[in-house]
Amino acid sequence: MDFSTIRNLISRYCAGEENWVDSRTVYIGHKVPPPGTEAYIPQRYPDNRIVSSKYTFWNFIPKNLFEQFRRIANFYFLIIFLVQLIIDTPTSPITSGLPLFFVITVTAIKQGYEDWLRHKADNAINQCPVHVVQHGKVVRKQSRKLQVGDVVLVKEDETFPCDLILLSTSRDDGTCFVTTASLDGESSHKTYYAVQDTKAFNTEEEVDTIQATIECEQPQPDLYKFVGRINIYLDRDEPIARPLGSENLLLRGATLKNTEYIYAVAIYTGMETKMALNYQSKSQKRSAVEKSMNAYLIVYLCILISKALINTVFKYVWQADPNRDEPWYNQKTETERQRHILIRAFTDFLAFMVLFNYIIPVSMYVTVEMQKFLGSYFISWDDEMFDEELGEGALVNTSDLNEELGQVEYVFTDKTGTLTENNMEFIECCVDGHVYVPHAICNGQIMSGASSIDMIDSSPSAEGKEHEELFFRALCLCHTVQVKEEETVDGIKRGIHQGKATSFYISSSPDEVALVEGMKRLGFTYLRLKDNHMEILNREDEIERFELLEVLNFDSVRRRMSVIVRSNSGELYLFCKGADSSIFPRVISGKVDQVRARVEHNAVEGLRTLCVAYKRLSREEYEQVCHLLSSAKLALQDRDKKLAEAYDVIERDFILLGATAVEDRLQDKAADTIESLHKAGMKVWVLTGDKMETAAATCYASKLFRRNTQILELTTKRTEEQSLHDVLFDLSRTVLRQHGSMTRDTFSGLSSDFQDYGLIIDGATLSAVMKPAQEGSGTGGNYKEIFLEICRNCSAVLCCRMAPLQKAQIVKLIKASKEHPITLAIGDGANDVSMILEAHVGIGIMGKEGRQAARNSDYAIPKFKHLKKMLLVHGHYYYIRISELVQYFFYKNVCFIFPQFLYQFFCGFSQQPLYDTAYLTLYNISFTSLPILLYSLIEQHINMDILKRDPSLYRDIAKNSLLQWPIFVYWTFLGVFDAVVFFFGAFFLFDNTTFTSNGQMFGNWTFGTLVFTVLVFTVTLKLALDTHYWTWINHFVIWGSLLFYVIFSLLWGGIIWPFLNYQRMYYVFMQMLASGPAWLSIILLIMVSLLPDVVKKVLCRALWPTTTERIQNADKLYKGHLSEFTPLSSLHAPPVHGRGHNEGQNHTHRRTNWCCLCANLFLRNTP
């Protein structure tokens, strides 16, 4: 053994990190190589287990507790609870401990249940059976037990369990066909190739005899890149080395098609597969509302500390007078009195903290958790989001983000299977200006009336007839379609015609299938490729045979493909089809103007167009072509470049035949949904792995790009002509020249006055933009900012040829921009999981591409169209409800605890509670909790139909507008005002000692109970004033809560409870109700407390109404039956161009509004 082998051993076993090794060696079938060839170094690889869950059985409690105590309120109440246990405080530890325990338990159960569902889904995948070749026999084992080096047997329509190198297939040529829909979103069939030296091993026994090793790179996430080699040991000493590339690598998640079976060796397993490496790690998502809550809690914590500090200081200032020292009845021991003043002050400070700690509403978190959990069922129960075809409705995987659905600013959507149905439909073809429109053709499904042809314009001449047949033959020959003879595919019967099973087509391009099927409908049927001859059945039911001589494959630079064929009569043809921009410049004759006009017409309609041309070749020309191609193909250096030059020479001097139009059918109402999202102020980006032309056509069809949209390209093709730096600055000047410093949001409603821009960028250019700046590279680091500035000024962006991680990078880039917008990602395949996990809100579509996206998303919906209701209705309602819940909780706790603070100034700062312990404990738990919980579940401030019809209402709640600091300050000051009214109102009304009818005086507990009664009634009636949607449940809960408080107080004070060591509340409530002045003061103080809020509402609605308030008023005037013909735009707030603009008109308008709103303010709250 030489030193290099020892060094390898040390690096593999002692480094502790597999990343130290640049490559891995895999032994096929775990067979040791022959002696003397190379050292056998066993390596350890992970098993094939996939993990998408967050917790395990062992780490659930510590990890969940850690996450929960990261919340400020939870951590704060834990500290308060510990303080109450350690020192003597005015209130019992139960008052803090019990609510905290309840919050932690409810949250843990909810999150544990959600993670259990993920575990369940993971187990279903990990326990899937796979077939492995061992000792010449096929053995079944669970997918999770698969190891690197195992030889796997995969049958047709099965999904690959891990990343595999193809060894052999059931086909003689060693090829197999695969769909990678769940990886890159493309549902077309792709061809993969077995290793040349192993493709003949077609049985388990033969495969088991293979002795070979594979050397390849360590796992990396690029789906389209793989570098390796296989060393095959035959009878000779030296192994045969063959290169391995991406065409030999079968990726986990892809599906075997049109191939009976394959044998392949596992190369990457489990979380090292390319699919798993493209997953983002799961992180805890937190909504904007929760961040606002945490910010408010910090403010209230500061208020709490200030209160405790002020009271502590004033206590010692007050006690500085010897006459006001602590009285003997406080029962302090001498030891306590002799304690150091700093220790006494600190203990008092903690006691005040405990006394005032109710200003921090721990029960708010319980209510929020319950509201989110129960509220999420409204999405699941929504019948309008139920899909009959799938038999499923919407799913909620994470209820923590409900309100975030109402705050979305950017929507990132996949294309294939999300916007489109993944079904190509042949629409029409145009030959020399004559348009042919067959009946509907879709994926081999032959509709009724298939024989008829609708020819627009006049019938073609004799020359036209020849061109027509050449056009049809060209499309039957210029393709890479394979024919499947069986009757079923994917378990679905296909191609049944006149009672007989007919063949149907599969291809790497769904467009090609649609075109060949279209020709079949027009009388020319492609039959098969047999012995290098392509067979066509013409209209006279005669079989024509063409020898396939050369195929010039399609590539994205040329944007065309060609075939050279020889007919039965010996004539040589070169048929070419491609994009109009790549065909028209190479045409020397034909009816170019008529065809160009039809192509432009179809492009405007959002159809995918291709042009078809041909030329006849003489024998000499054909020989030159063969020589050019063979010399280019044999080149070892710059092969691609030389092939491109050869193609350029060959594909010239065409005669134009015509053009085709194919539609990738959009999902139902996809265009309407995107239009609604635009009106709601959201920017929609399409991120797809598909080709640029295909994606752009879909964007036009879905109204992402409009007819007047100027398309800006930031693609590889353009950056080859100019430097990236110049292209970016050109685009930046273009958009900023029109828009100046304004963003799209500024003029989204005035699009007709501004040029609309759409940006197209591809994956390679994005990588260059995202590349970190090199030292000394000057402006390199500014590319991201310039790119973002261009994107901000574009109404829509299309990113094509995106790898899964690039999709996530785009989302991350927008999230991290200076505005920090809320992002939503929606997709249906495993290639979309990364961006779904990266975005603030991830939505999976239950599509044809597996359930990885739906399983890893926060929400899952059956179709893209359901996104409209989920955001515009559910999201809107959730945000309105929870923002009121949060502000209301802080408000009612200020009302609750501020009188306690004022009371200390009247009781010598002795930490005497104003309220009884039962009231302290039950205020947030029982007396005021149910009304706000119910409000946050069923409130509908605007009718659901209006929200769907007028998406612009979504803008009223954008950017967390209802939880901004000014509104928070308003609610806080309202709470302080009400608290001052409660306390000083009661204090001054009873300034002279009040006697009851029997001559008894009111004591401190009666005073506290009076303040508490006014408090409970005021905060409950405040919520009643804010309620727009009244049902019998609202009435029951609101009035029932007030009744419960009265009944509880009567019972609590009407009975001597034996388990209490004090009876201070005995008969207090009844004594208070027996006093006439007490009744008068309760009613008076409630009215005074509610008055400022009522006045503010009336003034704001009269003078500065929002769009929402205008529609609410109109809906009331129409008695809740606002007609669908009522122009909602007339109810929108007019744009304000200046303070003095149209002032006379505004004055009249305001006066009318004032009268209308005064009448309607109370009407809207009338049951």
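Placement of Cβ uses the backbone N, Cα and C atoms for every residue, glycine included.
The model shown is predicted, which means the values in this text are computed figures rather than measured ones.
Annotated features, as they stand in TrEMBL:
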- ASP414: active site, 4-aspartylphosphate intermediate (ACT_SITE)
- ASP414, LYS415, THR416, GLU512, PHE554, LYS577, ARG608, THR688, GLY689, ASP690, ARG801, LYS807, ASN831, ASP832: ATP binding site (BINDING)
- ASP414, THR416, ASP828, ASP832: Mg(2+) binding site (BINDING)
- 42-96: domain 'P-type ATPase N-terminal' (DOMAIN)
- 129-192: domain 'P-type ATPase A' (DOMAIN)
- 854-1106: domain 'P-type ATPase C-terminal' (DOMAIN)
- 69-87: transmembrane segment (TRANSMEM)
- 295-318: transmembrane segment (TRANSMEM)
- 349-368: transmembrane segment (TRANSMEM)
- 918-938: transmembrane segment (TRANSMEM)
- 968-990: transmembrane segment (TRANSMEM)
- 1002-1024: transmembrane segment (TRANSMEM)
- 1036-1060: transmembrane segment (TRANSMEM)
- 1066-1091: transmembrane segment (TRANSMEM)
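Taking the Cα of ARG608 (ATP binding site) as the reference point, the closest of the recorded positions ASP414, ASP828, ASP832 is ASP414.
Ranking the binding-site residues ARG608, ASN831 by other CB atoms within 10 A of the CB puts ARG608 at the bottom. Within 10 Å of its Cβ, the residue among the recorded positions ASP414, ASP828, ASP832 with the fewest other Cβ atoms is ASP414.
You'll find the Cα of THR416 (ATP binding site) roughly 8 Å from the Cα of ASP828 (Mg(2+) binding site). Considering only the binding-site residues THR416, GLY689, ARG801, the Cβ with the fewest other Cβ atoms within 10 Å is that of ARG801. Rounded to a whole number, the C-alpha distance linking the residue listed as 'active site, 4-aspartylphosphate intermediate' with ASP832 (Mg(2+) binding site) is 7 angstrom. If you take every residue in the domain 'P-type ATPase N-terminal' (42-96) and average the pLDDT, you get 82. Distance noted between the C-alpha atoms of ASP832 (Mg(2+) binding site) and GLY689 (ATP binding site) is 10 Å.
According to DSSP, the secondary structure content of the domain 'P-type ATPase A' (129-192) in residues is 7 helix, 38 strand, 19 coil.
The DSSP breakdown of the domain 'P-type ATPase N-terminal' (42-96) into helical (H, G, I), extended (E, B) and coil residues amounts to 27 helix, 0 strand, 28 coil. Residue pair ASP828 (Mg(2+) binding site) / ARG801 (ATP binding site) shows a Cα separation of 17 Å.
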